[in-house]
Ligand SMILES: Cc1cc2nc3c(=O)[nH]c(=O)nc-3n(C[C@H](O)[C@H](O)[C@H](O)COP(=O)(O)O)c2cc1C
């Protein structure tokens, strides 16, 4: 049997992936939408359902960005509710490590794991900016360089808290009158980020530790994933790049005493499925045009150029101005954090190389592409090859429609992957760790280790 | 007799620390979803107004000062907001009211959590903000230190100042949360395909809350919840918390021990409302009672007391007796201006079953309780209007 494909479903959120103007697009906030997508993913035997997070509404030019879906629920709350309408599907919450405290976050994640019988995952993100910090007690004090220091220590502390209870500590033994084993929950953590002590109030979660996902891409991010994560959510979906990323990250594991299979690499991808390859290609192009309307295209270019370009025509050429080297006009977005001038240069070159792409054509070209496009058989074959040739361990599918965006994939492609033997016909385990083929938590309870 | 409101407070195996040893208890299941789902289903069969979920950012203890190391009582708890959320899709009518700390949490996170619970339940969410005054709990966060003091010292000297500070911060937290809930107008999502705008940003509002302990810029990331403002409830035993409730809450839980006491407390609540200049609907006053119901209730309590090693006492009156006796008591208290009751079952699920299967029919027979759910959303069930949005222009 070949390598098994791991699949996850991303609930489409606050960016221009979501084609909210499509007549088939439903509510982005009603629970029914979350339930539909989660049930669809479970029908497709996906490993998990994934929610992103952003703790401040995005802004453009000092005003709330109004072109994309805005608004979403708190991840852990909606996932706890989804635990009531699913039975096997993993439930992955993106939760920021900068604007949370370990005691509270560790118990919320442990709670989700208890309430779902071992299906919880935490995508540890490290956004640090003062802009987001304005919504929190700590404000924006954290320097960019410190964000992974805090993330690492946050995760380490959370693990200490989860480990502060033994597995099986709840005895509930009427005969002996003992509800709980002795000395549960005591912890003391003294580090640069957290100096805390006391008794943790929540029994060890069923998975020991919820599954840890990491999404950063920098050198530090890759090391963090190699040392500490179970899954990496990658943005490298183009096959050659994905293979390079796969090789790079997997090669980092050995020095942490880990095997390549201990970290699953799952890039965010799209799948456009139609009756024929030609129809799918046409549909994929239609979706890209819908994702990048004229105002959205201009907003992207403004984000890169760092200035107001509202006088420009999206169907005309790129501005001949140079990018503004200042602060920029886009806030609350992970993109374009780096060197905007370099991005602008690349975009200009790309436009010229293609014989002068318009602003909108360029943005369609430069900001994303459809990963798998074709008839069901084509898509299944491409996906399978991608995983067999070590582009990834599987995929996080990002649909462009809420909540029905994965229906066609699950109905038409999943059975073909199952026929190929690359996707499970049914769940073989109960927990998310089981689905991902991960052995128990990376560390046993410290207390067991001592014993 | 007019209709009364009935809520039940869920906590572990019940409020008696020995409740897990009741023969009908399900102590091995306290950390699993099925237990909570079964309790909620039972409560819905009795048409109860809402359930509350206790919580604390600490382990339970028989000592106020901190953990006691006991192994013969329930220890360990799940996050109340998530327990409530887990029940969203498996219940259809009952209100769900989790507790959170206002001392150690971020108002922004709490606001979006409760708003999300309201979205997931189509308008059945509430919130019980609670102050955490214990020095030991503050060490779990390491951000501030609180002095060690005993509950008796609450109103005295330097402690009074600390307590007033904690309640001031709680009022700030509620204000920030309420503003965040209003930070989206109801019709902020426009999906205007002509202009390509998903939201009308004129209907999204920065809240710019500045308090002594925190500031919040806003807007929320979560659209305005279905109720506009989920129901806010607070437990109060004294003037400072009465005033907190009068400033911040829709419902106050109080703990009278007699009819006369109930009179006095209702008076004190109304006085607090005047002191803080409350506008809008007066507080709905609910009395809290711990209840052991059924013909052998007192014996059951005694047996649990014996197993636990001490007679159980509570801030609230501990009632033991039949459902009919309790129905009598509730109606006599109702005449003092108390509009509802939050019953704390001594042992679960047993005393909840007595509430839904004996007390509710007894009240129905007196014409004092509903026989079906009528209102879809929790606020409406309590006779509270959907609040206008403070940021929206008057219509
Ligand atoms: C695929 C992907 C998804 C991400 N999703 C989120 C998210 O939902 N919320 C968030 O705050 N940050 C998100 N991030 C941002 C990362 O957590 C991280 O802060 C960012 O990538 C910068 O870290 P780096 O320098 O290591 O790349 C995501 C990043 C990637 C690559």
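Just so it is clear, glycine is given a Cβ too, placed from its N, Cα and C backbone atoms.
Remember, TrEMBL labels are computer predictions, not curated facts.
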Residue among B:55, B:187, B:192, B:194 sharing the FMN site, where TrEMBL lists B:99, B:154 as binders: B:55
In sequence order, those binding-site residues of B:55, B:99, B:154 whose CB lies under 6 Å from ligand 1: none
Residues B:55, B:99, B:154 binding FMN per the record - widest CA separation, whole Å: 21
DSSP-derived structure type at residue B:154 (FMN binding site), helix or strand or else coil: coil
Within the predicted model, mean pLDDT of the domain 'Luciferase-like' (B:31-306): 96
Cβ neighbour count within 10 Å of residue B:154 (FMN binding site): 16
Long-range Cβ environment of residue B:99 (FMN binding site), under 8 Å and at least 6 residues apart: B:52, B:53, B:54, B:55, B:56, B:80, B:128, B:129, B:130
